[in-house]
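For reference, Swiss-Prot has these:
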SITE      LYS28  site 'Transition state stabilizer'
BINDING   GLY63, GLY64, ARG85, ASN178  substrate binding site
SITE      LYS241  site 'Transition state stabilizer'
Amino acid sequence: MNDSQRVSILSEALPYIQSFSGRKIVIKYGGSVMEDDDLKNAFFRDIALLSTVGVCPIVIHGGGPEINNWLKKLEISPKFENGLRITDQKTMEIVEMVLMGRVNKQIVKGINKTGSLAVGISGLDGNLIQSRELGDGSHGLVGEVTKINPEILDPLISKGYIPIISSIGSTVEGISHNINADFVAGEIAAAISAEKLILLTDTQGILKEKDNKNSLVEKTNLKEARDLIDKKIVTEGMIPKTECCIRALAQGVKAAHIIDGRVQHSLLLEIFTNTGIGTMIVA
């Protein structure tokens, strides 16, 4: 890369940096990016850069692979139904241990090593995420969000800290639930009036043709996104991600993005370049 190209990149990013300075961006961190050391380190640096230029990133994470690893160590077979983990009490204890005690703190340490300041919390802290059991309760302690109490986030964000939130919620009676991190991210984004919701995934974004990498939907709106689901263009695991984005936009989030976390620095490419890298959905 020559000097002219470097200057061009910085010039392209400048208006986006100015536009998003002081704005909150909620990022769901998951998929392969959590397992590959190079991708993890690139993500930590990207979060640090966002914070350094004045953006307020809030990171929500799951931790499926790590949970499965610990279940295997403890000789417990993970069970899934319709893509959701069947979570009994013993499994829930492991989910809490792994998400809150290991995955969360690994992310915090990774970001802090860059010189930025991250703070790890869960949905239990400050009663941030209130929940109830999902559907008829057949998935056990799998939950859905009933209310977000974002007050605990305000002092952290205002002081320049980066909140790292594990997707555990609880009922008013104190029963913990394992909640899909995509939906937690969407609900938190809505509750804090975030500028953007960004989901890091193991796909390019929404594809019009499932196996055609050239069919990426680069930009769409709420109505078109709903149509993509109704017409079964969006299928399988992309359905809940798209629905999560739709719900967040309907509650006031300005833009939602589904991007490929397997690409290094995809976060910065989506936020700070003209073309982006994934799918952007707007109201």
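In case you wondered, yes, glycine gets a Cβ from its N, Cα and C as well.
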Checklist entry - How far apart, in Å, are the two Cα atoms that lie farthest from each other among GLY63, GLY64, ARG85, ASN178, the residues recorded as binding substrate? => result 12
Next on the checklist: Between ASN178 (substrate binding site) and LYS28 (site 'Transition state stabilizer'), how many Å separate their Cα atoms?
Outcome noted: 15
Checklist outcome for this item: Same chain, |i - j| six or more, Cβ under 8 Å of GLY63 (substrate binding site); the result in sequence order is GLY30, MET34, VAL98, LEU99, ARG102, VAL103, SER166
Next on the checklist: If you count, for each of the recorded positions GLY64, ARG85, LYS241, the other Cβ atoms lying within 10 Å of its Cβ, which residue has the minimum?
Outcome noted: GLY64
Checklist outcome for this item: Here the 10 Å Cβ neighbour count for LYS28 (site 'Transition state stabilizer') comes out at 30
Checklist entry - If you run the three-state DSSP split on GLY63 (substrate binding site), which class comes out? => result coil
Item to check | Helix, strand or coil at ASN178 (substrate binding site) [DSSP, three-state] | outcome: strand
Checklist entry - Of the recorded positions LYS28, GLY64, ARG85, which one sits closest to LYS241 (site 'Transition state stabilizer') when you measure Cα to Cα? => result LYS28
